[in-house]
Amino acid sequence: MRAHEAGALHGDIGSRGPAWLRPPADVNALVPQLWPGNTARGADGALTVAGLDVRDIAAEFGTPLYVLDEDDLRARCRAFRDAFSADDVYYAGKAFLCRAVVRMIAEEGLFLDVCSGGELAVALAAGMPPERIGFHGNNKSVAELSRALEAGVGRIIVDSFTELDRLTALARERGVRPGVLIRVTVGVEAHTHEFIATAHEDQKFGFSLAGGSALAAALRVLDEGVLELRGLHSHIGSQIFDTSGFEVSARRVLTLQAQIRDARGVQLPELDLGGGFGIAYTSQDDPAVPQDLADRLRKIVEFECAAERLAVPRLSVEPGRAIVGPAVFTLYEVGTVKDVDGIRTYVSVDGGMSDNIRTALYDASYSATLASRASAAGPLLARVVGKHCESGDIVVKDEFLPADVQPGDLVAVPGTGAYCRSMASNYNHVPRPGVVAVRNGRARLIVRPETEEDLLALDVG
Ligand SMILES: *Cc1c(COP(=O)(O)O)cnc(C)c1O
């Protein structure tokens with residue numbers, strides 16, 4: 001599970017790269033866990049996806065471009081669906097949302113989480129059955145809540161007393177009884193290979209467990225009887241590899257569930273453990289398969305329920321990254337290659353922090369490969385950077401590329417399906433890339449690339 005010390009990932013030691021990074025035996029080899037399932041190298045060495053050559057994709061749609069392996073995405077949905085067959089799997093739409101993806105996840109039997117009016121609009125426009133939508137967010141407006149009630153959204157995850165009042169008033173006004181979960185801040189924070197358990201949490205999401213407001217919120221909903229309290233919700237972080245954080249959070253949230261039972265004699269039927277399941281961004285990451293995750297989470301919940309003498313509630317989980325992240329790679333064209341005084345080679349591509357902010361924002365690590373051809377040249381430690389006016393505009397901090405990488409080559413960066421297009425910006429007035437879905441040798445645009453006309457269309461001054 002844990003192939004390295006997390007700290008080593010960040011150890012930047014110049015031209016040698018981080019300690020874990022070793023020159024590969026074959027610089028053209030694709031590390032299987034990094035790439036969508038239908039990616040390979042074709043007969044002449046260029047990258048192919050679902051039978052299509054990336055050079056043809058780039059020629060037709062341009063670069064930079066997000067390339068989605070549709071069958072890979074669908075397979076990941078099914079893997080979660082099958083692993084959590086007794087439970088509900090909500091795809092966290094904030095990872096990446098467009099109408100085509102909504103239809104794909106719906107067809108594969110998933111539910112959908114949204115966390116803004118805009119995401120709800122996309123879900124409804126794509127025909128997602130409203131009863132299969134969950135609505136998140138720490139500051140849902142009256143307009144957003146009204147829209148959710150009008151649409152008949154399946155459940156609303158309530159985050160504050162202000163929202164509770166707002167939603168209760170709206171539900172009374174309309175004479176409806178929406179299903180709600182209480183978002184509980186359990187004092188567990190999990191990121192990558194570590195988690196921290198604390199007694200209290202200084203963060204904006206949810207009702208505090210330790211401070212008693214989570215219990216107070218649940219009792220208020222039950223006593224008022226306007227909203228239907230379905231259960232409790234906790235989400236402990238992102239890019240999590242170690243399930244012990246879920247163990248602590250499940251224990252804490254089920255203790256609260258037992259307190260609610262003791263106070264009001266009510267057994268809440270549902271429990272949502274959130275998302276955050278990790279994916280592989282580099283050869284160092286080795287994520288658990290959904291079946292193992294499901295087995296572990298179920299065991300944890302069954303154990304804690306037995307301890308509290310609770311019936312096992314219906315579980316739900318909310319994977320975003322683990323569904324869409326590995327199904328997509330970004331295709332870039334190399335513009336310049338610069339050797340900086342023998343310290344490091346900078347390979348500049350035609351996108352950057354506007355299409356992938358995660359490296360700058362989270363110090364995230366990515367991988368890359370030369371995609372338009374195979375090369376017989378030896379490995380060169382490179383840093384893949386973008387075209388923005390910012391020295392922190394790094395896409396891939398350290399990667400071995402063939403030493404003959406040159407302008408005009410295509411470079412592909414895997415694992416960019418989650419939180420890249422959805423967090424994309426127009427910094428430097430660079431148009432945001434489109435998204436192409438590839439399946440059975442055919443590519444179709446599902447999000448059109450922006451144009452300069454799009455940018456100017458908003459500029460009405
Ligand atoms: C972001 C988020 C998720 C999804 O997280 P991933 O890391 O993409 O799996 C799930 N639930 C909630 C409440 C979230 O905020």
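Numbering starts at 1 and runs along the chain as displayed.
Keep in mind that glycine also has a Cβ here, set from the backbone N, Cα and C atoms.
Look at TrEMBL and you will find Gly276, Glu318, Pro319, Gly320, Arg321, Tyr419 tagged as pyridoxal 5'-phosphate binding site. Marked as substrate binding site by TrEMBL: Arg321, Arg358, Tyr362, Glu390, Tyr419. Summarising the annotation, TrEMBL assigns domain 'Orn/DAP/Arg decarboxylase 2 N-terminal' to 71-324. The feature N6-(pyridoxal phosphate)lysine is assigned by TrEMBL to Lys94.
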Pick out which of the binding-site residues Tyr362, Tyr419 has the most other Cβ atoms within 10 Å of its own Cβ.
-> Tyr419
Whole-number Å value for how far the residue listed as 'N6-(pyridoxal phosphate)lysine' lies from Tyr419 (pyridoxal 5'-phosphate binding site) (Cα to Cα) | 7
Among the recorded positions listed as Lys94, Arg358, Tyr362, Glu390, the Cα nearest the Cα of Pro319 (pyridoxal 5'-phosphate binding site) belongs to Lys94
Could you check which of these binding-site residues, Gly276, Glu318, Arg358, Tyr362, Glu390, sit within 10 Å of Lys94 (N6-(pyridoxal phosphate)lysine), going Cα to Cα?
-> none
Could you list, ordered by sequence, which of these binding-site residues: Arg358, Tyr362, Glu390, Tyr419, have a Cβ under 6 Å from ligand 1?
-> none
How big is the Cα-to-Cα gap, in Å, between Gly320 (pyridoxal 5'-phosphate binding site) and Glu390 (substrate binding site)?
-> 29
Take the domain 'Orn/DAP/Arg decarboxylase 2 N-terminal' (71-324) and average the pLDDT across it for me.
-> 96
Tell me whether Arg358 (substrate binding site) sits in a helix, a strand or coil according to DSSP.
-> helix
Candidates Arg358, Tyr362, Glu390 (binding-site residues) - the one closest to Arg321 (pyridoxal 5'-phosphate binding site) by CA | Arg358
For the recorded pyridoxal 5'-phosphate site, whose residues are Gly276, Glu318, Pro319, Gly320, Arg321, Tyr419, find every other residue on that chain with a C-beta no more than 8 angstroms from the centre of their C-beta atoms, and list them by sequence position.
-> Ala92, Ala95, Ser238, Gly275, Phe277, Ala322, Ile323, Gly325, Ala418
To the nearest whole angstrom, what is the C-alpha distance linking Glu318 (pyridoxal 5'-phosphate binding site) and Arg358 (substrate binding site)?
-> 20
The rounded CA-CA distance in Å from Tyr362 (substrate binding site) to Gly276 (pyridoxal 5'-phosphate binding site) is 15
